Amino acid sequence: MSPQTETKASVGFKAGVKEYKLTYYTPEYETKDTDILAAFRVTPQPGVPPEEAGAAVAAESSTGTWTTVWTDGLTSLDRYKGRCYHIEPVPGEETQFIAYVAYPLDLFEEGSVTNMFTSIVGNVFGFKALAALRLEDLRIPPAYTKTFQGPPHGIQVERDKLNKYGRPLLGCTIKPKLGLSAKNYGRAVYECLRGGLDFTKDDENVNSQPFMRWRDRFLFCAEAIYKSQAETGEIKGHYLNATAGTCEEMIKRAVFARELGVPIVMHDYLTGGFTANTSLSHYCRDNGLLLHIHRAMHAVIDRQKNHGMHFRVLAKALRLSGGDHIHAGTVVGKLEGDRESTLGFVDLLRDDYVEKDRSRGIFFTQDWVSLPGVLPVASGGIHVWHMPALTEIFGDDSVLQFGGGTLGHPWGNAPGAVANRVALEACVQARNEGRDLAVEGNEIIREACKWSPELAAACEVWKEIRFNFPTIDKLDGQE
């Protein structure tokens, strides 16, 4: 035996493989206020005990590796390791468990969602001992939250900038999403804003393609904004998508938007990446731009119930990284979204303090301290008949976005915008008068049709449209 080996042995190093649960499963651990807490849905491989699976998640997402290493003796594992501190079965699922893991705050770089996710959901999702793994929720402690800027402006500052109060904001995604020239695109923007919408929007995959380069689009959309503002007396905006192939190009586009004097830009935060998103968010705060966030690619990550990451985690990450709006499903439209679960992460986006509520999928109490809120955006397959439900579900602090539900109006874009604005104003007035939108919604819309031919035409076109498909990602215990 060499002297080196003898030295290592003499300080207690023992090579080999040992069970994770001997080090990382600590049911006696009392969580600290500064810990980041995670709730994982764990599906172990056959023969792997849930305690070992939960401990493996804690180890592989913090300080552990597959074998004992002598450099463990050069640090304090008790200080830095993740700990699986509780395991509970999932109701109705024999092979699934919720494993709760606590991570010491010093494991993470300040102000970096990128680093936080690299640790917590980095390698561990490919771990062979697990058949599947899903991150259901995170508790971000105030000590970590305070290292982030968060949304560039937040809900109240946005309302003050736009001078719009007491109702949801109305938007529209310009369709067809690809193929229009910049001038025709700007014309559609003008018609929608002139008809009564607050915002129009680039679709997520509108960047700078051969048929419409970004600079041309920005110029024609700015012209549409200023013309519609002059005619209506209302502040208008268009979400100019600054997403690009490099961070430098993205910022260049945001700079041009600022020079044009428009109020808001847009970013695809998952395809663009958290580092790019945080950089753009900082630029927007420094330069007075609102930031609209699209969640393109989210369903790749969050739709399957037993593997991936729930959208409530992506929503929390966005609030840290920064954005003033984010798409949050509709409950009633064409895209996936369970009602209680959606309302849970909508509250996590908007409110300062959210209590633990498992009936809405919220595993931890979340205190956002002074971090501004984010407006949830309801978008995808919605039309005027959905307006009462959307107003009731999302409340005033939201953006209701009708793409086909505006541009598909039989009389054109501007009448489509008029129909949506009239429907919204009717629902808000009825709610303020004490009427129940959930019960009387259709009647309220029919009454408004009597004095708005544009709304009457829209109601006739979409009276039979339904998206009656079951939700894939339901809360536990739901049939």
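Every residue number used here counts from 1 along the chain in the order it is shown.
Glycine is no exception: its Cβ is also placed from the backbone N, Cα and C atoms.
Keep in mind that this is a model prediction, so the values were computed, not measured.
Secondary structure from DSSP puts Lys175 (active site, proton acceptor) in coil. Feature annotation from Swiss-Prot assigns active site, proton acceptor to Lys175 (among others); the stated evidence is sequence analysis.
Per Swiss-Prot, the feature active site, proton acceptor maps to His294 (among others). His294 (active site, proton acceptor): 28 other CB atoms within 10 A of its CB, across all protein chains.
Around His327 (substrate binding site), the same-chain residues at least 6 positions away in sequence with a Cβ under 8 Å from its Cβ are Ile293, His294, Arg295, Pro376, Val377, Ser379, Gly380. According to Swiss-Prot, the feature substrate binding site maps to Asn123, Thr173, Lys177, Arg295, His327, Ser379, an assignment based on sequence analysis.
Taking Cβ-Cβ distances under 8 Å and a sequence separation of 6 or more, the neighbours of Glu204 (Mg(2+) binding site) in its chain are Asn241, Thr243, Asp268, Thr271, His294, Ala296. Secondary structure from DSSP puts Glu204 (Mg(2+) binding site) in coil. Here Swiss-Prot flags Lys201, Asp203, Glu204 as Mg(2+) binding site, drawing on sequence analysis.
Taken from Swiss-Prot, the feature N6-carboxylysine applies to Lys201. The Cβ of Lys201 (Mg(2+) binding site) lies under 8 Å from the Cβ of Gly171, Cys172, Thr173, Ile174, His238, Tyr239, Met266, His292, Gln401, Gly403, each of these being in the same chain and 6 or more residues away along the sequence.
Sequence annotations record features per position, and here Swiss-Prot assigns phosphoserine to Ser208. For Ser208 (phosphoserine), the same-chain residues 6+ apart in sequence whose C-beta sits under 8 angstroms from its C-beta are Trp214, Arg215, Ala244.
Just so you know, the Cβ of Thr330 (phosphothreonine) picks up 26 other Cβ atoms within 10 Å once every protein chain is counted. The feature phosphothreonine is assigned by Swiss-Prot to Thr330.
Residues or ranges marked as site 'Transition state stabilizer' in Swiss-Prot: Lys334.
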Quiz item: Within 10 angstroms of the C-beta of Lys175 (active site, proton acceptor), what count of other C-beta atoms is obtained when all protein chains are considered?
Solution: 16
Quiz item: So which other residues, same chain and not among Lys201, Asp203, Glu204, have a Cβ within 8 Å of the centroid of the Cβ atoms at the Mg(2+) site?
Solution: Thr173, Ile174, Lys177, Asp202, Asn205, Val206, Tyr239, Asn241, Met266, His294
Exercise. Measure from the CA atom of Thr330 (phosphothreonine) to the CA atom of Lys175 (active site, proton acceptor) and give the result in Å, rounded to a whole number.
Key: 19
Quiz item: What's the CA to CA span in angstrom from Thr330 (phosphothreonine) over to Asp203 (Mg(2+) binding site)?
Solution: 17
Quiz prompt | Same chain, 6+ residues apart, C-beta under 8 Å of the C-beta of Asp203 (Mg(2+) binding site), given in sequence order | solution = Thr173, Ile174, Lys175, Lys177, Leu178, Asn241, Gly403
Quiz prompt | For the binding-site residues Lys177, Arg295, the one whose C-beta sees the most other C-beta atoms within 10 angstroms | solution = Arg295
Quiz item: Are there any residues in the same chain, six or more apart in sequence, whose C-beta is under 8 angstroms from the C-beta of Asn123 (substrate binding site), and if so which?
Solution: Glu60, Ser61
